[in-house]
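Participant: Sharing the feature lines straight out of TrEMBL:
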- CYS454: active site, nucleophile (ACT_SITE)
- GLN280, TYR307, GLU330, ASP378: S-adenosyl-L-methionine binding site (BINDING)
Amino acid sequence: MPLCLISPPSPFITCRVSPAAVRNRPLPPPPPSLPSLPPPPSPTLTPSLTCALQCPHFQSCSGCTEEFNLHRPLILDEVDRFFKGHGVSDFSFDSSRLWGWRCRAKLAVRGSSMDPLIGLYQEGTHNAVDIPDCKAHHPNINAAIELLRRGIRELNVEPYYEDEGTGDFRYVQMAVTTHNTSLPASDRYRNGKVQVALVWNSRNENSPNSEKLTALANFLWRNGGPRSNVHLIHSVWGNFQTSTNNIIFGNRWRHLIGERDFWEHVGGIDISLAPSSFGQANTRAFDALLQKLHKYVPQGSSVTDLYAGAGVIGLSLAAARKCRSVKCIEVNKESKLSFEKTVQRFPSFVDSSISWHHADASVEPLSWLMGSDVVVVDPPRKGLDPSLIDALRDLSSVERKAKSSSESFGSYSKDKEEKRPWILRAREASVQIGSKAILENNQSLPRTLIYISCGWESFKEDCKALMVSKEWSLEKAHGFNFFPGTQSIEVLAVFKRGQRVNLKKKKSGKKKKKRVTNQL
């Protein structure tokens with residue numbers, strides 16, 4: 001296995017690359033103990049620009065597309081040129097962990113009970129590929145997959161057969177929690193426990209074939225739970241769906257065994273994630289992004305967090321920056337429970353007004369932007385909704401109209417009886433945290449926009465759309481290596497409203513005064 005050392009003070013990355021891995025080899029026996037992450041390399045290793053994946057499954061599965069230079073995706077050259085072309089000369093890139101980084105994986109279960117295939121599809125097909133030695137997975141995910149494989153064989157569980165819609169076991173989600181306060185911080189990642197979600201081909205837990213689901217959950221707990229030789233499993237959940245399309249999860253969930261609550265620690269707070277919640281696969285890179293994001297939000301700000309999920313970004317800002325208020329807006333109602341559990345562990349010193357709203361940020365987005373100093377957006381890969389882009393580009397016009405009108409934002413939001421159904425539904429489904437009411441200046445609109453992007457192509461289009469009207473200027477940009485082995489990077493971009501335009505006006509004003517003085 002290759003080893004790589006990334007030293008914060010230095011831009012160089014030191015690697016040692018072992019001989020090429022054999023592409024095909026027999027499956028390993030069940031591990032006698034918890035697998036370990038690669039030991040730290042010696043600081044005396046010869047510098048090299050090559051950090052190689054060396055995965056036996058490369059090219060057979062669709063997970064990774066790049067085998068070399070994991071620390072620097074080729075797309076970085078384009079990204080750097082783009083930001084320089086828009087006035088950001090100090091773009092930075094954080095490479096983070098290159099192997100064993102994936103703490104969340106959704107895998108197909110196919111094959112037969114005697115020869116189960118647990119892995120990803122080949123590119124462009126629905127042919128599942130076994131990936132027992134995946135170099136991207138946290139090692140404990142690989143260990144849990146091997147234990148699951150044993151259970152399928154011993155209990156004669158039938159994997160799903162897509163063409164006929166038969167079989168029992170469709171998919172599995174593995175999620176690793178590395179937050180164990182009983183261990184030293186340096187040991188927590190290596191000893192992460194795996195939450196296993198088994199997707200069953202039945203309508204609910206009362207279906208005849210669900211008996212094997214219970215048996216499989218008990219097998220995993222007996223052989224990987226706290227009383228086993230290797231404590232590997234955090235909990236086991238069941239999910240039920242019989243759809244013939246490509247969805248992975250159905251709407252029905254059941255906690256089968258183990259701990260019910262799944263906790264992780266990122267952005268300075270403990271967060272609760274249900275199996276149905278969206279969670280970042282690379283928790284360490286996500287934590288690095290949150291730490292960087294905190295620097296761009298002034299103390300005591302009022303923040304709107306759009307596409308908020310379970311509110312992790314907004315809640316971490318409330319704790320780190322002592323925000324006056326935080327509004328989290330999310331269209332997935334399943335995230336509400338995770339938000340409520342997270343705030344139960346919230347630091348007692350936080351005195352913010354915090355709310356979570358089940359709403360679509362694309363429907364009249366101005367109603368969510370009002371009263372905020374900072375807006376944070378973390379959209380899906382497709383980018384921002386067009387209606388939100390339009391609202392962000394029109395903020396100065398809204399302010400001018402408000403000043404010239406007899407009606408202020410305050411009268412707009414308080415004096416009129418609210419009749420818009422999407423706003424009323426969001427209020428009904430909202431969660432309000434904090435002993436004090438929201439004290440917002442209803443005349444204010446955000447002057448800072450922080451954009452977190454997982455889709456580079458859509459970000460470029462959104463960035464150009466925001467800047468074309470001169471409403472927003474791009475101030476800072478940082479990249480993060482969330483998916484080593486691919487050409488995908490996460491971008492954190494900071495926009496300011498009206499700042500550069502005002503600076504240009506000031507400079508031109510000074511020049512005119514100087515000319516007048518010389519003429520005199």
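Glycine is treated like the rest: Cβ placed from N, Cα and C.
Give me the local environment of each listed feature.
Facilitator: Counting Cβ atoms from all protein chains shown, CYS454 (active site, nucleophile) has 19 others lying within 10 Å of its own Cβ.
Counting only residues at least six positions away in the same chain, the Cβ atoms of ILE329, GLU330, VAL331, ALA361, VAL377, ASP378, PRO379, PRO380 sit under 8 Å from the Cβ of TYR307 (S-adenosyl-L-methionine binding site).
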Participant: Cβ within 8 angstroms of the Cβ centroid of GLN280, TYR307, GLU330, ASP378: which residues besides those meet this for the S-adenosyl-L-methionine site?
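Facilitator: Going along the sequence, the neighbours appear as PHE278, ASP305, ALA308, GLY309, VAL312, ILE313, PRO379, ILE452.
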Participant: What's the number of neighbouring CB atoms sitting within 10 A of the CB on GLN280 (S-adenosyl-L-methionine binding site)?
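Facilitator: Summing over all protein chains shown, GLN280 (S-adenosyl-L-methionine binding site) has 21 other Cβ atoms within 10 Å.
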Participant: Using the alpha carbons only, what distance in Å do you get between CYS454 (active site, nucleophile) and GLN280 (S-adenosyl-L-methionine binding site) once rounded?
Facilitator: 11
